[in-house]
Structures are given as structure tokens and as C-alpha cells.
Amino acid sequence: MPKNSKVVKRELDDEVIESVKDLLSNEDSSDDAFKKSELMVDDQEEKDADVEEGSDVEDERPAWNSKLQYILAQVGFSVGLGNVWRFPYLCQKNGGGAYLVPYLILLLIIGIPLFFLELAVGQRIRRGSIGVWNYISPKLGGIGFASCVVCFFVALYYNVIIGWSLFYFSQSFQHPLPWDQCPLVKNASHTFVEPECEKSSATTYYWYREALNISSSLSESGGLNWKMTVCLLAAWVMVCLAMIKGIQSSGKIMYFSSLFPYVVLLCFLIRGLLLNGSVDGIRHMFTPKLEIMLEPKVWREAATQVFFALGLGFGGVIAFSSYNKRDNNCHFDAVLVSFINFFTSVLATLVVFAVLGFKANIINEKCVIQNSEKILKLLKMGNLSQDMIPHHINFSSITAEDYNLVYDIIQKVKEEEFDSLGLKSCQIEDELNKAVQGTGLAFIAFTEAMTHFPASPFWSVMFFLMLVNLGLGSMFGTIEGIITPIVDTFKVRKEILTVICCLVAFFIGLIFVQRSGNYFVTMFDDYSATLPLLIVVILENVAVIRIYGIDKFMEDLKDMLGFSPSQYYYYMWKYVSPFVLSCLLIASVVQMGLSPPGYNAWIEDTATEEFHSYPTWAMIVCISLMVLAILPVPIVFVVRRCNLIDDSSGSLASVSYKRGRIIKEPVNLEGDNTSLIHGKSPSEVPSPNFGKNIYRKQTGSPTLDTAPNGRYGIGYLMADMPDMPESDL
């Protein structure tokens, strides 16, 4: 028996050894198959690489060629036309320097923290805006769709402004510039200056009449402006060609489009400071009017500009950062890009206000001359006594200070009869407060400046080329905020989607190149993005901090950055930013309800702007813009909550993400969709049965199978787990 026992034991040992060998050989063959399938899974979690959904096996997710290219892309997206035509306009509208204070405060409270949040989320998850919020919770996937809708609305009218810049650029190759002087009108008997131009100015007339050929109301279409239609088509062709290959094509253009505007702005600032009266304009800019700072409207518009300036809620920031390496220092990027944007806005505003001061000085001089002539007539007619006039006053060469002295004396002596004299107070501050408003600020202010520059056509070409570059940089990020999430989600070819998107946008954008098109630009600017952006950013903050978990998010940041971010961001994200954003949302809704919606119409007879209320149909359009922009959020939530879409369809929303792993959810999944993010450790989860459900072929497979959700298993272990307990999901 002992001998036989030894024999049996040896046979058992041999079987065990054979089994171990089989296991090892199977494992080796599996590893070979794994290598042949060109899948790579890194043991180090922080180096887990995601790739673009729907891409070919051998194609990884596109990446930036260098850190500089990425920074320039983010700067180009954030520093755009708004820094030239919107930020200075808001400064002028809201009391000059008083606007800078709330803007800087909101930049530190909500701008930089939320910009950092979007950069980190995009870099961590490496998806577009739709995929990012599906990662957090499929029920919140509508946030990404809402961002795409807002991007599309903004792109529609934003590219129109690039078209305006192209028109002025094309008209700059002539001397003298066409907006240098008012045109002359000839009739049978004599020649005279165009009345509309004489009542305003040469640059104002050229903008409203020659460029826009604007109608007198929103309801008066006036037909298409063919010149602007051609310019809009050219603008969309440029965007399409630059974006058709994604960041591979647009990234290279950033080196010129992001740096060239700074050279031009600095040159304009130096030249502008040499203009007479420019110091008055800059002083007006830096003089804060504290009473205006208390108005909710100022803070609301400052917050809106922060969103527009940094691109918060658009999805472009997330899309750009999704092409980064996971260990990139996105905190440094957030602070750097935010302050570059702020100082660029201040630089552009300095240039604009220097020009506004120069224009105000010229208008003020004309006012002094005209009213001095009135005083001389009143003296000759005996309506005024010569004893009122100080002896040192010489009306043939009177200064603004001397005129204001005479004006004050006459006002005190002739207090009861003063209004009938028809004298006006000629104050530079009054002219600065009446400076041109709206989207035409840059075109009117800068075109005025360039007429006084030596070699003015050269400066005009450089300036409008700068505007085109600024606009294209922002358009790249805006279109990327549309293209990247859709490509990631629906696996369509980027080239085809880009062409279709640009064609559709061009045809819809024809409403902006009618004679009444400028009024539609104002409507879209006011209603298509302001409230929806606030809601989107609030939901983003809540999704990351409440649903994903701020502690988990801080751990992810430490893992990516290699250091723990400041607790400042912890308190901003958790308490301050949501509170401030909620207050701004309420203030915006209240302000919108109290003030009747309307627009400033250009009246040809008086050559002035006149406020008009929106007609009923326009109000319906305004409301529809806001509803359509935010509608995807509740729709996706209800669809996911009620399981109205069969998860077996393999949509992106039916996938839960976990670092190093993608797991298909059961059809009737209930409970918290983010539990995988906060889920149990692998040791606590039942081991899956791979079997036939593994999404890659074994040894000898010539091709790679795709997972049911339509993406390849690159960088992930992908397994179907229908039997996993619901509590583990």
C-alpha cells in the first residue's frame, strides 16, 4: 500500500504540474493574443490611456504636438473677438473702470476655479463634453448635448462678425480709406454732404449704411446683403478647411492666429497714446463709479463675460484638454490662460478707450466752437451783457476750460432764461458716456483711429487681419465643442461631420446677413447663451462636486498633478461657486422680467439709435432659443431615468466607466449610476466570466472585434457582466 500510495501521489502531482503548465500556456497564449490584438493595458493607473471612441485599432486619440501648441489653442479659444468688441463695450456701458472690479472678483471666484474644473475633467476622462458627463452619470448626459446646442447657436452669429471683419479687410486696400470722409451727393444744382453722415460721423455712416445697409427695424428684413453673404460664406469655408482634420490641422494655425493679435494691439496702443485726448479716455476707463457696481446688471453681465471669455460651459475647453496627457499640470494651465485672457481684455480696452478719448476730444472741440459762436450772436443781439464775460476770454481761440467758465457764469446769471438760450455744456465726460455702443464699437472706434494714422491702409489691413485671427481662434474651440462630443458618441467621420455642420450653419446664418441681420445678432447674443450657460455651468459644478464627489475629485487631481491642489478650490467648488452662480441666475431671470426685451434700431432720418421693443414673434424666438439650449438636460434625464432607450443598443449612455475598465450595464439598471466610480475594490466584486463575451478575439484572430457599445477596447479590459449584483453597480 505504501508503495502504491507513492505511485498514486506521484501521478496526482504530475496531473497538478500538467494543469499548472496548461494554465501557464493558456495565459501565455492569451497574452500573445492580447499583444497580437494590439491592445495595451498599463499596470500604472496614472498612465492608463484612453482613445477616441470609434477610432481604428491602430489609431490612438489625437494628441497635441507640444505643450505650447495646447496653450496657444486654449488662449486662442478664450481670447477672441469678445475681447475687442464685447469687453470694451461692457466697460463703456457699465461705467468704465467700475466694470473691471466685479469682473476681476468673479474671475477669481468662479472663472478660474470652474475653468480649472473643466480642464481637469476633460484631461482625466479624455472625452468630449457628452462623454464626460456620461462618465459622471448617464442621467446627466444632457449637459453635454446642451453645451453642443449653445456652441452651435454662438457659432451661427460669431462667424458673422468674422464676416464683417473680412468685409472691412477687403475694403482696406485703398487710399484714402472709404470711411475717411463723408460721401458727397450731387444733384442738378449743387453738391452737398450726405445728410445721414453729416448728422453722425464718417465711420458711423460707413458702418450702418455702407457695410450693413441696415434697416430701420427688426421686422423690416430688406432682403439679403449680398456683400455680407459672400463674406459669411468665406468665413465658413475658412473654418471648415481649418477644422476638417481636427487638432492636426487647426493646431498648427494657432501659432500665428494666437500670437499675431498681440503684436497688432501693442502697435495700436503706442500709436493711440500719441493721439490728442487719449489720456482722457483712459482716465475715464480707470475711474470706477461705485454706485454702478451695486447694480445686479453689472455683475450679471460681468459673469456672462467671464463665461464667454474663458469658454465655460461651451465644451470647447473640455474638448481641447481631452487631447492632453493625463499627468499634464492643468492647474498651471488654468491660471495662466485665465490671466492672459484678462490682461488681453485690458490691453484691448486701453486701445479702445484711447481712441474714444480722442474722438470725444474732437467732438468736444466742435461743440465749443459752435456754442462760442452762439454766445457771440447773443452778445451782439443784446441778450447777454458783455460784463458777464471775463476779460481774458478770447472767443476766436477759446479753450474748453474757458468755455465751461463762461457757460457756468451765464447759467447762474440767466438762470430763468437759460434754457431758451440753447447753449450746451461741452464736457468730454459726457461724450465718453455717449460713445457708440453695441457690436459696432470696435468697427467704429478703430476705423476712426486708423484714418488718423500715417499709412492708414496698412494699419487697417493689419487690424482687420487681427480680428479675423481672433475670431477664427475662438471658432476653432467652439466648433471643436460640437464636433468632438458627437464624434466620440456617434462614431461618425470627423471630416464629413465638419462639412455638414459648416454647411447647415451657413444656411441658417443667412438670417444674420439680411439688412436687419444686426438686430438678430443682438438677439442671439442676449438670449441664446446667457441663461443656458449659467444653467450648464451650475449643473457641471453640481455633477462633479455632489454626484461624483469632491473628495474623490480632489484625489483624482492629486493623482494627475502629483500634488494636492489648494483647499481654496475645495471651498470654491463646494460652497462659493454654486452660491454665486445661483444668485446670478436668479438676478438674470429677475432682470429679464423687469426690463422689456428690445434692441437699438438705427434711424436713418435722425442718424441716431432708438430703442425698440421686440414684437411678439421675436419674443417667441427669444424664448425658444433659451428653451432649445437647455432642453437636452431634462430630456436625457427622463430618458435615462425611465429607461426609455434600450441599453442593448450600445449607445454611449449605456456604458459605465471605471479607471482601466469599461463594463456594460444591465438593461434594467436602477439606483445610483455613479456607484462604479465610488464602487468596491476589485477584490470585493465577483470575478466576471469572460468566456465568449470578451471583446477581442483569441490567438490567430486576423481582426479585432468591437464591443457592443461600438468602441474598441483599446486601453481597457472590456467584459460583459450581466450577472453582477445590482448593489455592485
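Heads up, the Cβ atoms here are built off N, Cα and C, so glycines get one too.
Note: TrEMBL annotation is automatic and uncurated.
If you check TrEMBL, you get these features:
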{"type": "REGION", "residues": "27-60", "note": "region 'Disordered'"}
{"type": "COMPBIAS", "residues": "40-59", "note": "compositional bias 'Acidic residues'"}
{"type": "TRANSMEM", "residues": "70-88", "note": "transmembrane segment"}
{"type": "BINDING", "residues": "Gly76, Val79, Asn83, Asn341, Leu470, Ser474", "note": "Na(+) binding site"}
{"type": "TRANSMEM", "residues": "100-121", "note": "transmembrane segment"}
{"type": "TRANSMEM", "residues": "142-169", "note": "transmembrane segment"}
{"type": "TRANSMEM", "residues": "226-247", "note": "transmembrane segment"}
{"type": "TRANSMEM", "residues": "259-282", "note": "transmembrane segment"}
{"type": "TRANSMEM", "residues": "302-323", "note": "transmembrane segment"}
{"type": "TRANSMEM", "residues": "335-356", "note": "transmembrane segment"}
{"type": "TRANSMEM", "residues": "458-483", "note": "transmembrane segment"}
{"type": "TRANSMEM", "residues": "495-513", "note": "transmembrane segment"}
{"type": "TRANSMEM", "residues": "533-550", "note": "transmembrane segment"}
{"type": "TRANSMEM", "residues": "571-594", "note": "transmembrane segment"}
{"type": "TRANSMEM", "residues": "614-639", "note": "transmembrane segment"}
{"type": "REGION", "residues": "674-707", "note": "region 'Disordered'"}
{"type": "COMPBIAS", "residues": "696-706", "note": "compositional bias 'Polar residues'"}
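In this chain, the transmembrane segment (70-88) touches the transmembrane segment (302-323); three or more CB pairs sit within less than 8 A of each other, excluding pairs fewer than 6 residues apart. In this structure, of the binding-site residues Asn341, Ser474, the smallest number of CB atoms within 10 A of the CB marks Asn341. 533-550 is the stretch from 100-121, 142-169, 226-247, 335-356, 533-550 with the greatest number of Cβ pairs below 8 Å to the transmembrane segment (571-594). Segment contact holds for the transmembrane segment (142-169) and the transmembrane segment (226-247), given three or more CB pairs below 8 angstroms at sequence separation of 6 or more. Using the Cβ center of Gly76, Val79, Asn83, Asn341, Leu470, Ser474 for Na(+), the list of other same-chain residues with Cβ within 8 Å runs, in sequence order, Val75, Phe77, Ser78, Gly80, Leu81, Gly82, Ser258, Pro261, Ala309, Thr344, Gly473. Same-chain neighbours of the transmembrane segment (226-247): 62, 64, 73, 159-160, 162-164, 166-167, 170, 211-212, 253, 320, 323, 471-472, 475-476, 479-480, 483-484, 494-495, 498-499, 502-503, 505-506, 509-510, 512-513, 517, counting only residues six or more beyond its ends whose CB sits under 8 Å from a CB of the stretch. Counting residues 6+ beyond its ends, the transmembrane segment (495-513) has Cβ neighbours under 8 Å at 152, 155-157, 159-160, 163, 224-225, 228-229, 231-233, 236-237, 239-240, 243-245, 479, 482-483, 486-487, 520-521, 524 in the same chain. Residues 64, 158, 161-162, 165, 247, 250-251, 254-255, 257-259, 261, 305, 308-311, 316-317, 320-321, 323-324, 333, 336-338, 340-341, 344-345, 348-349, 352-353, 439, 441-443, 445, 467, 470-474, 476-478 of the same chain, all 6+ positions outside the transmembrane segment (70-88), place their C-beta atoms under 8 angstroms from a C-beta of that stretch. Its Cβ taken as reference, Leu470 (Na(+) binding site) is surrounded by 29 other Cβ atoms within 10 Å in the chains shown. The Cβ of Asn83 (Na(+) binding site) has Ala309, Asn341, Thr344, Ser345, Ala348, Leu470 as same-chain neighbours under 8 Å, each 6 or more residues away in sequence.
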